[in-house]
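*Asks:* My structure is below; once you've seen it, I'll send some questions.
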Amino acid sequence: MSMSGGMSMPSYTDIQHYFWIFTGSVIAFATLFNVLNYIVLRQRLSSLSARPQTILSTSYAVATAITRELSHASLPVYRFRKIKLRTPQLGPSSVVLGFLTAILVLAFYGYDTFNQRQWEDIAYRVGSLAIAELPLVFLLSGKQNLIGLVIGSSYERLNWLHRWVARIFWITVTIHMSFWFRSWARYNYILRKLEIDYLTQTGFACWIILTAILLTSFLPVRRLSHEVFYGLHVILFAGLMGAIYLHVSDSNVTYFWVSVAIFFLDRFLRVCTTAWANLPILHSKGQAWANAATLTPLPGNVTRLSIQNPVVNWSPGQHMFVSCHAVVPLQAHPFTASTLPSDGKLEFLVQARKGGTKRFYRWASKNLLPQSNATTSIQTKNIALDGPYGRHRPLQQFDSVVLFAGSTGATFTVPLMRDIVQRWMHDERTVTRHIKLVWVIKARDRLCWFDDVLERALQDVAELRSRHSRDVQLDVDVYVTCDEELEASMSTDIRCEPPEHGEAEMTTSRSSAEASELLEKKQVNGQATIRVSSDAEEKHGCTPDGGCCCKQAATDEDEPAACCCNPTTTEALSSSGSSSDYEKAKTSSKSLIKIHVGRPRIRPIIRAILEDAEGESAVVSCGPQGLQDDVRRSVVSLSDERAVHKGTGAQGIYLHLEGFGY
């Protein structure tokens, strides 16, 4: 058969070229926006203003504001008893539908699908189109993502696109197979072809394996066990590539080898970065292995992994894949760095959920060794690092920055806040004037994860304001709530000291009707340590030790709130206080952090910052899906309400969302 569908029709090779012209144009367009964003960054740092200064920059800000508002928009979350149905955002949905439309146009252009004589021609064309899509699937899957490099993104922010391109690849393969079956079905010849024809057998094997990959890649399967999902993905992927090689024609085998080359290029780059992050010899140091980590159990079933003087460098908000085969064999988990390179240590806070993260916590709890001098020593384990990964627009180019964190999401937002504060302290060129950090935690004992660095940052900013007359402001608000099945436990004085040997226990979330956690303090050499138990009954939503289990939204965002079931008054200061406040802060270590009970009211918090902003603002969130949805809807609503860059004088809002999991 001729490799053309007719004299007036584009050849199968032309269809493949058209596909890559379309794909390359989209990537080039996204790259252009990345370049423009870099130009905006340099212009803002030069002028020290986040407000557009020229007609061109104003036009770009208007186009960006409209695009953001439309792309982040979505319908509300629908609830059916215990099931939540979240509608997709308009932006990603438009990208997926646009890509699918382009594929269908290329597949059926010029053909009549009801003309039986053209069914095999359609099958040939769609098959050649499917093999042309394969390299794009690989380009979007790599950790060292080449597309992300040029468009200013990272692999984790392109994962959704990788999954949808792979699903459309499955649709293309299914159409290819269906038209062959449709043609053979006229003669009842499908089963016979599967019995005797080599190409039919290998092609059907491709479809079976690809369907298995598709079914095991949906979110419920990934949440059930990511380790199982990943293992199946690797095995099925190897089988798929073998079947494709046996099935593809010689004229299209180039796309197969290009895909293989992309895969091994990503692996080679990852090996290089892993070697750089773990081998001291590459940094002129004498140790055999660079990363010896201490594992310390903390309140909330969290393990702190701490590496002193790491050889790897990273930026705030980046994450790394951590492997510790002595504790969690043959697994690597992504954790966000909770410290800055200037701290001289690299730390991760690992929430124990299931699988490998639970093993980290159990190992840390069982291996606290008491020494003869009655102090506590913590064993170290060699760990391997792969990374760092993650990219976002630098926050120092925005006038105001609002950071939302849920639980361990603070490992992402706190370093971002500290990075800007350090730039203020070192008098680096920074546009940012105001930072507000909102941290939602399940119980007050979690505050010890970051209380020292938060207090230090607040005191530094208070000193800048009082002694150096800098027009900068930092506010830190902590919300304690047991909403969304969060357990509550509050103590008047919480310390993150390692527990006594054998005391640390795994705790589980319980409903407010069952029980809450009780913090028992024990004195070990004069220092208070924490032991968590679960035998205390909850009374009217509050714990017996005075803890609060309020679930409603806090009523006043400007003042620390009292517990909804046992009102008390709490005094707190913000970094915007006077110099006398700053002096008081030296003697009151907890006075600068505002502690509220209940859920934060996201929209009023963001609105208050936007109304005071003199240029574009940034809203960043890292936490559970519910927090992300609330932040995103609030930003979209406020952008529309304030008519951003539409003649009202309201400035733009940059939104960056980070979630838990894969």
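Quick reminder: no glycine exception, Cβ is built from N, Cα and C everywhere.
Feature list, courtesy of TrEMBL:
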{"type": "COMPBIAS", "residues": "505-516", "note": "compositional bias 'Low complexity'"}
{"type": "DOMAIN", "residues": "285-395", "note": "domain 'FAD-binding FR-type'"}
{"type": "REGION", "residues": "496-516", "note": "region 'Disordered'"}
{"type": "TRANSMEM", "residues": "20-41", "note": "transmembrane segment"}
{"type": "TRANSMEM", "residues": "90-110", "note": "transmembrane segment"}
{"type": "TRANSMEM", "residues": "161-181", "note": "transmembrane segment"}
{"type": "TRANSMEM", "residues": "201-221", "note": "transmembrane segment"}
{"type": "TRANSMEM", "residues": "228-248", "note": "transmembrane segment"}
*Asks:* Report, as numbers and ranges, which residues of the same chain sit near the transmembrane segment (161-181): CB under 8 Å and 6 or more residues beyond its ends.
*Replies:* 92, 95-96, 99-100, 103, 107, 119-120, 122-123, 126-127, 129-130, 133-134, 136-137, 140-141, 190, 200, 203-204, 206-207, 210-211, 213-214, 217
*Asks:* How many helix, strand and coil residues does the domain 'FAD-binding FR-type' (285-395) contain under DSSP?
*Replies:* 15 helix, 46 strand, 50 coil
*Asks:* Between 0 and 100, where does the mean pLDDT of the domain 'FAD-binding FR-type' (285-395) sit?
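*Replies:* Average per-residue pLDDT within the domain 'FAD-binding FR-type' (285-395): 84.
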